[in-house]
Amino acid sequence: MTSNITSIFLLGFPNLQNFTFLFFSLLVLIFCGTISGNLLIMVLYLVSKTLQSPMYFFITQLSLCDLLLTTDIVPVLLHTVLYGGSSITLIGCIIQFSFFGTSECSECLLLSVMSYDRYVAICNPLRYHTIMNHMFCVTLVDIIWLVGFMVTLADVFSMNRLYFCGPHIIDHFYCDLEPILKLSCSDTSMIHIQSISLGFLVTVVPFAIILMSYVNIVMTILKIPCDTGRHKAFSTCSSHLIVVSIFYGTLITIYLFPTRGQSLAMSKVLSLMYTVVTPLLNPIIYTLRNKDFKDAFLKLQHILKGVK
């Protein structure tokens, strides 16, 4: 990689004016809540025997994705909001994109695996523990993180062949692929084709798996004779459905809809939704709607009180 750019300036949200302190304070609260909520899920999984199941194992991995995304994006965003912008080196910008890309790719794949887990639990319950055994789940998670890393690494290797000449300003609050490529004077058409192809594999294919899983789940639930049984079966999927809807809703709006049809401000707001807000919502959705997590939290409180 060759470049005459020494640093990149992230503009962030330059038109906040009198709302800077309010927005900064809100981001700090979201950041603290996100870190606390996702760490709590991981701790509860480790200390509670009732949470030792494939579903909760995958939820902890989702929390790990959210922690990686939050710690990658929000600290720079806070600096950008507070000081009206933030300088970052080109290498630092690419590193931020690497962590961002790995977490987003891994989350797409993880959500599809979680839908498959629910499919097996509802459509083939007698074989659930045989199919979703511990070794199989760990292998799936290892593959997910490896694929997420390799997909992002492919983009980074392609960037390494480019010549970056400027401008040195990115009108956004983090380093995404498209803003970085706009800094290059080289031909980026092949990288665009590569990113679209890889993006199809890690977003559209997992989304298709999710849709097929839930089509089968719904058909199975409708065959359950009693209302109580149908409600119980659907309740095990509702949290995952909400998370999928929020995540893919914003992702599709940003990356699949034509960018010319979006204002830059709207694009930033949508990006803020899935990089900052969604990692906060995920632990709330899974814990508030889940009795096992509530019970595990109460037990942890009793343990901590006993230690004191």
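Glycine residues also receive a Cβ, built from the backbone N, Cα and C atoms like all the rest.
Remember, TrEMBL labels are computer predictions, not curated facts.
Just so it is clear, the model here is predicted, and its values are computed rather than measured.
Annotated transmembrane segment per TrEMBL: 20-47 (among others), in sequence order. Outside the transmembrane segment (20-47), and at least 6 residues removed from its termini, the chain residues within Cβ reach (under 8 Å) are 13, 56-57, 59-60, 63-64, 66-67, 70-71, 74-75, 77-78, 81-82, 84, 276-277, 279-280, 282-284, 286-287, 293, 296-297, 300, 303.
Positions annotated as domain 'G-protein coupled receptors family 1 profile' by TrEMBL: 37-286. Per-residue confidence over the domain 'G-protein coupled receptors family 1 profile' (37-286) averages out at a pLDDT of 88.
Sequence-remote contacts of a segment are chain residues at least 6 beyond its ends whose Cβ falls under 8 Å from one of its Cβ atoms, and for the transmembrane segment (135-154) they are 54, 57-58, 61, 97-98, 101-106, 109-110, 113, 194, 198, 201-202. Under the heading transmembrane segment, TrEMBL lists 135-154 (among others).
Counting only same-chain residues 6+ beyond the ends of the transmembrane segment (196-222), those with a CB under 8 A from a CB of the stretch are 105, 108-109, 111-112, 115-116, 118-119, 122-123, 147-148, 151, 154-155, 230, 233-234, 237, 241, 244, 248, 251, 255. According to TrEMBL, the feature transmembrane segment maps to 196-222 (among others).
Marked as transmembrane segment by TrEMBL: 234-257 (among others).
Here the transmembrane segment (269-288) has Cβ contacts under 8 Å with residues 27, 30-31, 33-34, 37-38, 40-41, 59, 62-63, 66-67, 69-70, 73-74, 77, 100, 172-174, 176, 239, 242-243, 246-247, 250-251, 253-254, 262, 294, 297 of the same chain, all six or more residues outside its ends. Per TrEMBL, transmembrane segment is recorded for 269-288 (among others).
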Under 8 Å Cβ-Cβ from the transmembrane segment (234-257), and at least six residues away from its ends along the same chain, one finds 55, 62, 104, 107-108, 111, 114-115, 118, 121-122, 199, 203, 207, 210, 214, 217, 221, 267, 270-271, 273-274, 278, 281-282, 285-286, 289-290
